[in-house]
Structures are given as structure tokens and as C-alpha cells.
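These notes concern the structure reproduced below.
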Amino acid sequence: MHLFTYDLHHDVGGAENMLRLPLDRHERDYLPWERHIHALVVLLVKQGRMSVDELRRGVEGLPSSLAEQASYYEKWGLSVSRILTEKGTVSGHELEQGFLGVPTTDLPQVPRFQVGQRVMVRPFGTTFAYRQPHLRVPGYVHGAVGTIVELPGLFQDPMTGAYGERGTAQPLYRVAFSHRALWPEGAAHAEPGELEDGVVVDVSQPWLEALSEADYAQRLATLHRVAFTPDSNPPQAHKHHHHRHHHDHHHHHHHHHAMHAEHEAHTHDTRYGTEQAAVAKEAALDFPYQPWCEALVQTLTRRGVVRSDELHATLASLDALQNSGAGPQLVARAWSDAAFAEWLLTDAAAAAESLAIRTTNYDADPASAERVGGHRLFSHNHTELRVVANTDTVHNLVCCTLCSCYPTAILGLSPPWYKSKVFRARAVREPRRLLREEFGLVLPEARGIRVHDSTADLRYMVLPQRPQGTEGWSEEHLRTIVTRDSLLGTAVPRVD
């Protein structure tokens, strides 16, 4: 018996329809908001507020419809939002208010509508799904026009209440709708008088927009709407751009920005049926959730969960890793010293430490690790570097099919193509063709390829073969021909 469904949108190793797709190797600098999200995660992990496994679980738990839209770092931002709200570090109400550019307050909202006023219920067709919404406005009135008949009072926001959070008390209205306004498509089959029959629905203020009498009449005259019902997808006609809202803060519409993707009906004709669209979105640099990620960092900073100086120090350390030259330094020493090379292959952390190079992504101390049955028991979030050597018979290639685990401590941030679904899918399934077609690396047929799928807490770096013609070179000179790609196995060092 299965009590849950396991969504495999993140697990792309060997995906069939990825094999026909080219790899976009365009190199670009990460945008400031992407770097801030990466630094935020590093900082939260160091503080013990979340773990890498929790981050992964949050990403994997995103519904497929959202995962197909979100970029790599957008998924990180949505995952952090979910994890921190689960832990109570910050409330969903605070994150939503931060996104809307509204000062967080527990003060009740002032009623903005009067009895007799014409209104429209906001369509439920926009996205934000870091957590599943609790909605108390039935789908058949989404996008419908009606008339306010009563204001019973102010009630607590059910969206935040469902998560045990105290949000802002909202005015609740009773809104009358005619059948003609709700189901215009059924007009031809209506019984006599039925079009003017009606339904009165309780609707909270954030869901409502004011209409003039003229707009109300025009909408009734031109009605053609498809209501969102539990067995259908949300309407797509009212697609809103995800911008920050700095206008009148009474224009409280976080419900219609609130998270529809987990309500969407999912089709699973094949495991990878929508991957090609997701790949195209990766390449388009379309970031619908960037404003949410930016607001997340700002809200956590304002709340004191992280400090600005800590965040900037973490960014500086990531930049330093990017430019440290640690990988080329290790390779050049190994090429020059056979004993060091052997040490590097058997205990990379200790060998690197002798050169004052740290190989773990976080602050765990491998020297202090406990031992169980003679084996080291590492602390949570520790990562262990393994160095694998290319030989005349074996060429090594590094990837991560489940996310994009990478030796950040040695190489800095991974390139976008390493994170891409195409690389992750093809690396394990057709490595020889991938290297030849996308990287121009043609290997002898007799040389095998060993792919290292870094799916857990080991990180891999390739020790390339020293090219001929470098005899007598100094370590400083040798470093100049060791590239990032040669340390991943997508290239080999060359002497011009």
C-alpha cells in the first residue's frame, strides 16, 4: 500500500527525451538575487536553521507544475520558504506580506466595500506554491461578478489560521451572484426563471475587486468564463506577472497570488512528458519567482533571522572560492609529487589541508569525526571530497542527477550547464556522446568512462592526466593549464 505519491520531477538521470536535446553551455554570471539565495542557504545551514537534506526535500516536494516553471535558484527560494514556515522560523503571513510590499501587521483590515456595491471575485489563476493553500472561496465563483448584501464582521484569515499562524483579521462579506453570472455557458439549457435564481457566498475582502455599475453591466453582458472547480485546472485567462506591489497597501490580494499549483490537476502520461518545456524555460532566463526570492531574503533580514553583514560575508566567501585556484593547486602538486598524488587519492581532505585548503562545504571538522566499526561518522551537513584519477584506460566524469551537488569548496559555484536537466540526464546515459557532441572531447574507444553521480554527501573532483610537453614545468606554470572543466571531466588539460 502506498500512502503517498513520489513526484520524480527532480530525478532526471537517463531521461529518454533529454537524449535528443542539445546542452546549452552558455556561461553567464549568476544574477545578484541568485547569489543571495545561494548565500542565504549556506548561512541558514551554518546556523543550524535547516539542513541540506531539508532543502532537497523542499525542492522535491514542489508540485511538478511549479517545478517546470521555476529555475534552479527559484526552487531553492521556494524550498527555504516552505522549510522555515514549517519550523516556525517565520510565518507564511510574514513572507506573503513581504512579497506584497505591505508592512506586516496584526491590525484588522478596514472594510473597503459597502452593502449594495458591485464586486468581482478575483480569478484564481496565478502562482505561488511554497505551501498548499487553504482556500475558503469556492471555485465556481472565481472570476464572477456579484453584489454585496451584508458585512457580518471581521474574521481571522483562514489561510494563515490553517497553519497555526495569526494573520490579519479580514472583513467578511456575503456576496450575491445570479446563476447567469456564475454559469453563463448553461444559459441555453436553463429552466424558466433559473437565470435570475441566485447563490449567496461568504467571501473575504482580499478576494474582491470593486466594480462600477457600468463595468458590472458590461461584464454581465459579455460573460464567458470557465470557473475553477475541484476537478479542473485554474483558469489561465487572468495570468498576472509576479511583480512587487508597492501601491495602496489596502489592496490586499495575497489570496489570489496564493499558490495555485498544488491544486492543479496533474497528468502523468509519461514520467518525463513535460521535460522539454522545462528545459526551454531554463534556457530562456525567465524568472517568475524572482520577486518572491528577493522578498524572502529581505523579510528574513528584516526579521533578524540573518543579518546583512553575515549575508555579505558569505557572498564574499563564495566569490573567494570561485577565484581561489584551489583545484588547479591540488592538481599541480599531485603532478609534481607522486607521494602527494597518492595521498590526495586516498584522503583528499587531509592532503588538501596540508596546503591550507578546506574541502568541505560547511564547518564540520573531519578530524573530530566519531568512529563506528572503524569508519568515520560525520556530522550532519558534512561533505567529503573524493578525487578520482584519469588513466590511459579510464576517464572520469562528474555529475549529480538528483540536483547538482558540486565541489563548491574547491571550485566555487557550479556553471549553469552543470545544473541543467540536459546535462544531468545525458551524463549518466550517454557520456561518450555528450562529451563528443557538447564539449568536443573525443576519447579513444578503448578508454572507458566512469561517471560519478554525486547524489549524497560525497563530492568529486577529477585528477586529470598530466599532458606531454610539461616536463620541467613549475607548479605555478602547471596550474595555468588546469581548467574547471578538466576537474569535472568534461575537458582535459592541453598544451598550446
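Glycine is treated like the rest: Cβ placed from N, Cα and C.
Around the Cβ of Cys405 (Fe(3+) binding site), the number of neighbouring Cβ atoms within 10 Å comes to 24. The Fe(3+) binding site feature in Swiss-Prot is assigned to Cys400, Cys403, Ser404, Cys405.
Marked as compositional bias 'Basic residues' by Swiss-Prot: 237-258.
Look at Swiss-Prot and you will find 259-269 tagged as compositional bias 'Basic and acidic residues'.
The cysteine sulfinic acid (-SO2H) feature in Swiss-Prot is assigned to Cys403; the stated evidence is similarity to another entry. Summarising the environment of Cys403 (Fe(3+) binding site), the number of other Cβ atoms within 10 Å of its Cβ, over all protein chains shown, is 20.
Look at Swiss-Prot and you will find Cys405 tagged as cysteine sulfenic acid (-SOH). Under the DSSP three-state reduction, Cys405 (Fe(3+) binding site) is assigned to coil, being neither helix nor strand.
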Counting every protein chain shown, other Cβ atoms within 10 Å of the Cβ of Ser404 (Fe(3+) binding site) number 18
For the recorded Fe(3+) site formed by Cys400, Cys403, Ser404, Cys405, which further same-chain residues have Cβ atoms within 8 Å of the site's Cβ center? Cys399, Thr401, Leu402, Tyr406, Lys419, Arg424, Ser454, Thr455
I'd like the Cβ neighbour count for Cys400 (Fe(3+) binding site), meaning other Cβ atoms within 10 Å of its Cβ, all protein chains included. 23
According to DSSP, Cys400 (Fe(3+) binding site) sits in coil
